[in-house]
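TrEMBL has this to say about the protein:
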| type | residues | note |
| --- | --- | --- |
| TRANSMEM | 57-74 | transmembrane segment |
| TRANSMEM | 80-99 | transmembrane segment |
| TRANSMEM | 120-137 | transmembrane segment |
| TRANSMEM | 189-207 | transmembrane segment |
| TRANSMEM | 213-234 | transmembrane segment |
Amino acid sequence: MPEPEARAEHQRPLAPSEQFLKRLKLCYVPRRGLSSCPEVFWFLALQYENPWTIPNILSMARMGLAPVLGYLIVEENFNVALGVFVLAGVTDLLDGFIARNWANQKSALGSALDPLADKILISVLYVSLTCANLIPVPLTSMIILRDAALIAAVFYVRYKTLSPPRTLSRYFNPCYATAQLKPTFVSKMNTAVQLILVAASLAAPVFNYVDSIYLQTLWCITAFTTVTSAYSYYHYGRKTVQVIKNK
């Protein structure tokens, strides 16, 4: 049975204490970075996580499919584009399923990479579908502005939650996890509605219902959910970000 002092030393607190932060400042040398300080390297090691999980690779694959889909739509190859869009949807379902059911496949990077991949895919799809005259310009502009604001907020959160020293190499290194993002329920519903509209718009020229009143109704529903989800992030902003204090 270990002594209380030994047990307390073994169960070292993971969150950075005031003593640690003071020690961090003492170890920092201008233009040279951190000197060989055991506490510093112990803390930075805890922040490091493996980014090469299956869900993250699937999210990156979805990003890679975005320009392919955009090209197919602009070239009006809607049959192939619809098939590629279904493939992208399968990668979205798979990465979420794997991350939920295998703990070692869940990562803080994935919590940001998955919605980022969705936003890149949706933005490219809406722009290309607008170029093909299948989605109105005002709706696409609304969606792009919302997504651009959210992506800017993600970069800001990354900067604020990154522990010193805040260097570019550490900022853009996906192995250093600093925060997890939790989308609001309204935002999840909005993403689903946006994807439904994309699928319906892609299928419209294939099945000849481009001028359908139901498609135009879906435009209005998508506009409403986009505005509502943007407001939900503004209202519940801090609750959607969980800072990783033990890393």
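Backbone N, Cα and C define each Cβ position, glycine as well.
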Item to complete: Determine which residues of the chain contact the transmembrane segment (57-74) at the Cβ level, with the cut-off under 8 Å and only residues 6 or more beyond its ends counted.
Response: 80-81, 84-85, 87-88, 91-92, 94-95, 98, 110, 113-114, 116-118, 120-121, 123-125, 127-129, 131-132, 202
Worksheet entry | Other parts of the chain folded back onto the transmembrane segment (213-234), taken as Cβ under 8 Å at six or more residues beyond its ends | 135-136, 138-139, 142-143, 146, 149-150, 153, 184-187, 189-190, 193-194, 196-197, 200-201, 204, 240
